[in-house]
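Engineer: Pulled the feature table from TrEMBL, pasting it below:
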type	residues	note
DOMAIN	2-139	domain 'EamA'
DOMAIN	147-278	domain 'EamA'
TRANSMEM	66-85	transmembrane segment
TRANSMEM	97-116	transmembrane segment
TRANSMEM	122-139	transmembrane segment
TRANSMEM	151-171	transmembrane segment
TRANSMEM	177-196	transmembrane segment
TRANSMEM	208-224	transmembrane segment
TRANSMEM	236-254	transmembrane segment
TRANSMEM	261-279	transmembrane segment
Amino acid sequence: MYGELLALLSAFCWAAGGAVYRKGLEYTDVWTGNFMRTSFAALGFVAIILLEGKLDDVISTLTPSIVFWLVTSAIFAFFVGDIFYLEALKRSGVARAVPVSSTYPIFVALLAFAVYGREVGALLLLGSVLVVIAIYLISEDGNGESRGIGYALMAAISWSVSISIVDYLVGYLPAEAVAGLRFLVVSAIMAAFVPVREFRFSRSTVKWLGIASMFVLVVGNYSFVEAIRLIGSEKVAPISAVYPVIAAVFARLALREELNVKIAAGVVLSFVGILLVVLS
């Protein structure tokens, strides 16, 4: 039951995160925003590891193979995937970008079929159809926002690659180390890009993309990775998949974004489709 509760907590954090990031991006560009939020999150996880006294154990566990997969997972999750995600939020808004980006279980299943030869059942096919319909409904009503929907899809694909690696990593490292080290990797990568694109920050960016993002990222990512360690990704996925519904409601109530019938129907179909896929 503890693992299920952690998965649900991660869903709430990711839903809140979409609104937090979009608010912060009102004051800066995507590259600076991603650098700030990953750096603050890395500091948060390092502080946790130090307080727990696990730093020496974590360092001694690292091997070239583990480091390689940590770097690979970090790049796909927080560099490639999140850059696409932040662009989608900025162009299409929370109510559209979050449901489309949450289709990552579809791509996880497709990768499993292509790479490992796993069977594709009726539930997977039905779920895929529902997700395609959901994406159509969510994107059709936008005004010049189709590129944002495309970015959200690219984020989902990138995240699916990263998630498939996490199951391997939690067999060797504690959840906070897996999450924290991945943030350190992408923060270092972003540091090389931000100066070229002019680092832009203010009190508002620190508030939203620093402090607020650190909270939702640390709590959300620790909960998600620890839940995978406890009950496995196949059980965590359907629980954490509820975050598009939470995000869409939050976008309407807190950000006053438009949530019409098509978007609402798309959110529901996306959620149902993802559940069918992860249960297939």
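Count begins at 1; order follows the chain as displayed.
Cβ atoms are placed via backbone N, Cα and C, with glycine included.
Remember, predicted model here, so these are calculated numbers, not experimental data.
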Engineer: For the transmembrane segment (122-139), which recorded stretch in the set 97-116, 208-224, 261-279 gives the largest number of Cβ pairs separated by under 8 Å?
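Structural biologist: Highest pair count goes to 261-279.
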Engineer: Should anything in the same chain at least six residues away from the transmembrane segment (66-85) have a Cβ under 8 Å from its Cβ atoms, list it; otherwise answer none.
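Structural biologist: Here the qualifying positions are 21, 30-31, 34, 38, 97, 101, 151-152, 154-159, 161-163, 165-166, 168-169, 172-173, 178, 181-183, 185-186, 189-190.
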Engineer: So what's near the transmembrane segment (208-224) in sequence-distant terms, Cβ-Cβ under 8 Å and 6+ beyond its ends?
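Structural biologist: Same-chain contacts beyond the ends: 6-7, 9-10, 12-14, 16-17, 20-21, 23-25, 27-28, 33, 36-38, 40-41, 43-45, 48, 175-176, 179, 183, 236, 240.
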Engineer: Who are the chain neighbours of the transmembrane segment (151-171) in space, where the CB to CB distance is under 8 Å and they lie at least 6 residues beyond its ends?
Structural biologist: 66, 69-70, 72-74, 76-77, 80-82, 84-85, 87-88, 91-92, 96-98, 100-108, 111-112, 135, 178, 225, 228-229, 232-233
